[in-house]
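Structure first, commentary second.
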Amino acid sequence: NGTGVEEFILLGFPGTWQFRVSFVVVFALMYTLTVIGNASVIALVWRSSNLHTPMYFFLCNLSFLEIWYTTGVVPKAIGVMLGTSQTISFSVCILQLFFLLSLGSTECFLLSVMAYDRYLAICYPLRYSSLMNSVLSVRLALSSWLGGFLAISLLAFLTSRLTFCGPDVINHFLCDIDSCLALSCSDTWPVELATFLISIIVVVASCVVTLVSYMYIISSILQIQSVHGRKKAFSTCSAHLSVVTIWYGSTMFLYVKPSAHNSLDINKIVNTFNTVVTPLLNPFIYTLRNKEVKLAL
């Protein structure tokens, strides 16, 4: 692959031993709660027949994705902060980058599909069961997974062709696109252009679908005469709207930009929120703000 550097050194969060141990404890606790929370959502939907609907089918896909998304980050990050696993080979670095970006792209598509599902449920309640049947929901979920991984394939390939001749220290706890571009001694313009274009296609396009869906949803809710009816209609999509706001806010900051050379320290903080905090919040947002899930629980 033309690289002169065979492995990188991940800095993680530099500081005293006590500072790094405190981060390890927080990361380990959040990872445990994330896996338990998302696995519980999957088990709850599987066991409760009244939750066997397209909305909860998409939620199971999202919970399954979040488990693997945070698993691709936290165990390695803990090893980096403890000083037991600070090195990462070039091939594993590219694999982690591909894995995380693909799952992130899949989440964008899944969130837009979930917004479309809510649009059909609220704007066409009498035709919803025929419009969003089990076959269409499976196809939309599969398309989200395939689209997410295929979209990042070209970017991962271009990144693997970059030349690295030193330094080999990554100011991060994971391999992300910005860190790789900052260390490369070859022309990074093709990768930066591909990152920007793919971000526009994946993040912005899925965000537009979500926004348009919610414009129609809000318009339909405002036309409902009774206050109780409006409140009930809004409660069916409030949890998803909260997740969408958190996810797209951090994702657009990280990837939708003309140049990848932003502050790596700021990216590290936002990445922590994106890969560790958000997967933890999602199952609790859906369970605490959803009456059907609380009743099934």
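Glycine residues also receive a Cβ, built from the backbone N, Cα and C atoms like all the rest.
Noted in TrEMBL for the protein shown:
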- 37-286: domain 'G-protein coupled receptors family 1 profile' (DOMAIN)
- 21-46: transmembrane segment (TRANSMEM)
- 58-82: transmembrane segment (TRANSMEM)
- 88-116: transmembrane segment (TRANSMEM)
- 136-158: transmembrane segment (TRANSMEM)
- 193-217: transmembrane segment (TRANSMEM)
- 238-256: transmembrane segment (TRANSMEM)
Quick one: find which recorded stretch in 21-46, 58-82, 88-116, 136-158 has the most Cβ pairs under 8 Å with the transmembrane segment (193-217). 88-116
For the transmembrane segment (88-116), which partner among 21-46, 58-82, 136-158 gives the most CB pairs under 8 Å? 136-158
The average per-residue pLDDT within the domain 'G-protein coupled receptors family 1 profile' (37-286) comes out at 85
